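These notes concern the structure reproduced below.
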Amino acid sequence: MNTSKLGFIKFKPILKDKIWGGQKLINQLGKKSSSDQVGESWEISEVPESVSVVAEGNFKNSSLSELIKRFPLGMLGQKSVDKFGYQFPILFKFIDAAERLSVQLHPDDEIANKRHQSFGKTEMWYIIDADEESFIIADFSEKLTPESYQKYLNEGTLVDHLQHIKVKSGDVFYIKPGLVHAIGEGVLLAEIQQTSDITYRIYDWMRQDKNGNYRDLHTDLAIDAIDFNVDYSYRVDYRKEQKGVQELLYTDYFRTDYIHISKNQNLQIETHQKFMVLMCVEGQVELKTDNESCILKKGETIFVPAILDEVILTTLKDSRLLKVTI
């Protein structure tokens, strides 16, 4: 299959209104919507019913699935095909929590496959912006057992046993399956996760929609999926102000590097015959290959096919990006 036309690909953002959504995706990241409750921008997705479509260029209006079917190795690379098959394995989002999200967790691969014929959900967050009092919830504040968890849930006091962590711009968190978590109000973040849309809500702050209805909870499904023995650090430590490239996280599903470069600097990035995704979380850069160039602004995401050997990145402003591959 002729892959000579494959180059940088920008997809149309899939904007999703949420009961907790706000205006930061529009005001800070340049998304286009008349809604005042935009909660998520799905930047690159092959989740069924929400598959990304090319925004411009040679393959305008083609879906991600169509491109993978047409150019499987050129798009994904052999490593991804060998490990994950012919499905795009990662979902990229920007999230604006004007109000706090539900307390929730995600199943692992085994449970998700058995119950939903899906991948599980391992994810990471990069905090782009946060109000002064903003927080996330991660894990319980003390050791709980399934029995004590159920007791507090039944009593309506579970929220008193959750760990609240204040956050600021640049903080990074690793959210494994089974970790009870929530995004607090005032947080704008980039989320990188497995291709899955399975969430078990266990508490939703007694929130009602405009019709007075409560959202569904999934407490029965959640009890077997909760990790009551979290034994890893969900806060990722790195040097935010250090220039250059730093590895943030390397999981079984994706690797994320942090790029921080001053204005008018160049960086050569090799793909190693794997697809690569760049999310610009601050600044503006120009990307070049031998055959093309494009601009990537704050709030934009670009897909670099595996067929491209290397990319030259030139910063037009002091810039920070997330580089994701497998």
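Placed from the backbone N, Cα and C atoms, the Cβ positions cover glycine too.
According to TrEMBL, the features are:
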type	residues	note
ACT_SITE	R201	active site
BINDING	H106, E123, H181	Zn(2+) binding site
DOMAIN	10-118	domain 'Phosphomannose isomerase type I catalytic'
DOMAIN	250-313	domain 'Mannose-6-phosphate isomerase cupin'
Determine which residues of this chain, when H106, E123, H181 are set aside, have a Cβ within 8 Å of the centroid of the Zn(2+) site's Cβ atoms, and list them as they appear in the sequence. Q104, L105, K121, T122, I175, K176, P177, L179, Q193, T199
Number of helical, extended and coil residues in the domain 'Phosphomannose isomerase type I catalytic' (10-118), per DSSP: 31 helix, 35 strand, 43 coil
Check each residue in the chain of R201 (active site) that is at least six apart in sequence and keep those whose C-beta is under 8 Å from its C-beta; list them in sequence order. S102, V103, Q104, R215, D216, L217, H218, A222
Tell me the residue counts in helix, strand and coil for the domain 'Mannose-6-phosphate isomerase cupin' (250-313), as DSSP assigns them. 0 helix, 38 strand, 26 coil
Note: in the chain of H181 (Zn(2+) binding site), residues six or more apart in sequence with C-beta under 8 angstroms of its C-beta are V103, Q104, L105, I136, I137, A138, D139, I175
For the domain 'Mannose-6-phosphate isomerase cupin' (250-313), what's the model's average pLDDT? 98
Neighbour count (Cβ, 10 Å) for H106 (Zn(2+) binding site): 26
